[in-house]
Structure formats: structure tokens, C-alpha cells
Amino acid sequence: MAVLQVLHFPDERLRTIAKPVHEVTPEIQRIVDDMFETMYAEEGIGLAATQVDIHQRIIVIDVSENRDQRLVLINPELLQHDGEAGIEEGCLSVPEQRALVTRAENIKVRALDRDGKSFELETDGLLAICIQHEMDHLMGKLFIDYLSPLKRQRIRQKLEKLYKQQARAVN
């Protein structure tokens with residue numbers, strides 16, 4: 001397994017629409033395993049393949065406190081959604097930034113697991129929010145796209161400052 005490089009906003013590759021996985025092969029399973037390793041190393045709760053410059057419809061999630069409830073969603077489809085829940089979201093691709101985003105409170109999804117078996121999942125709360133957030137990545141969308149242009153611009157400026165500080169620290 002390997003820790004992959006996470007793309008950061010405003011990298012345009014984050015805007016790429018992911019393509020469906022046609023067959024769950026050992027290579028796809030390796031990508032899933034690398035994505036989990038990356039997500040845990042970055043202390044995230046979810047990761048879409050788009051975020052690591054792999055433009056296939058693959059998501060990994062683990063919202064458990066003990067980091068022992070892995071969820072793999074390959075080719076996820078949102079079947080149902082209702083209610084509204086607002087939560088302050090963050091993102092590994094938008095470091096150190098958080099914002100309130102409103103999403104469906106209850107969802108039902110269909111996807112393939114790591115072995116290529118189809119399943120359906122009805123969920124709510126943090127897991128429902130996380131699934132929707134990661135599915136957005138597969139469509140080239142970021143949580144900051146739900147914000148006003150002014151708030152997005154402020155986040156962009158903060159990130160540019162952060163990236164400059166990080167670059168100076170490395171040199």
C-alpha cells in the first residue's frame with residue numbers, strides 16, 4: 001500500500017468528472033487500499049479517487065472513532081434523498097478551511113463494494129453527509145462551490161497564503 005498525493009484547490013484536476021469503473025480488478029482493489037492508507041494518513045473521514053488524481057468513480061469512507069468501519073463505494077448512485085441537514089464541512093483538498101453546507105439528511109445509495117458486489121445503503125447523519133460530499137468530488141464539485149463567490153474568494157486567498165508559507169518552510 002502507498003500514501004498518494006492529495007490534490008489541493010485550486011488544482012483544476014479536482015474539476016474532472018470521474019468515469020465509471022467497468023470491472024473491479026486487483027488494480028482497482030489496490031487503488032482502494034491506497035486510498036484508505038492516504039485517508040488515514042491525512043486524518044480524513046472520506047476520500048474520492050478524484051482527490052488523488054485518479055478519475056474513476058471510487059470513494060472510501062470511515063467515519064468511526066476507532067477507524068475500523070471501512071466503507072467502499074464504487075460507481076455510487078444516489079437513489080433517494082430527503083430532509084435537510086447543515087453541517088460545517090472540511091476537505092482534504094481544501095486544507096484548514098471549513099464552511100457550513102446544507103445537504104440531504106437521509107439518503108439511499110447503490111454501489112459496488114471492494115469485491116465488486118452490488119449493495120444498497122440507507123443512512124443519515126455524518127455518514128450521509130460524507131457520502132454526498134465525496135460523490136460531489138466525482139462530479140468535479142467541491143464543498144466551497146456551495147458558498148457565495150465572496151466566501152470562495154476569501155478561502156482561495158487564505159489557501160494561497162498557506163501554500164506560500166508551506167513552500168517557504170520547505171526551502
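For all residues, glycine too, the Cβ spot is worked out from N, Cα and C.
Now, the feature entries from Swiss-Prot:
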BINDING   C91, H133, H137  Fe cation binding site
ACT_SITE  E134  active site
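Most Cβ neighbours within 10 Å among the binding-site residues H133, H137: this distinction goes to H137. DSSP assigns H137 (Fe cation binding site) to a helix in the three-state reduction.
Distance from the CA of C91 (Fe cation binding site) to the CA of E134 (active site) is 9 Å. Taking a C-beta cut-off of under 8 angstroms and a sequence separation of 6 or more, C91 (Fe cation binding site) has the following same-chain neighbours: Q97, H133, L142, F143, I144.
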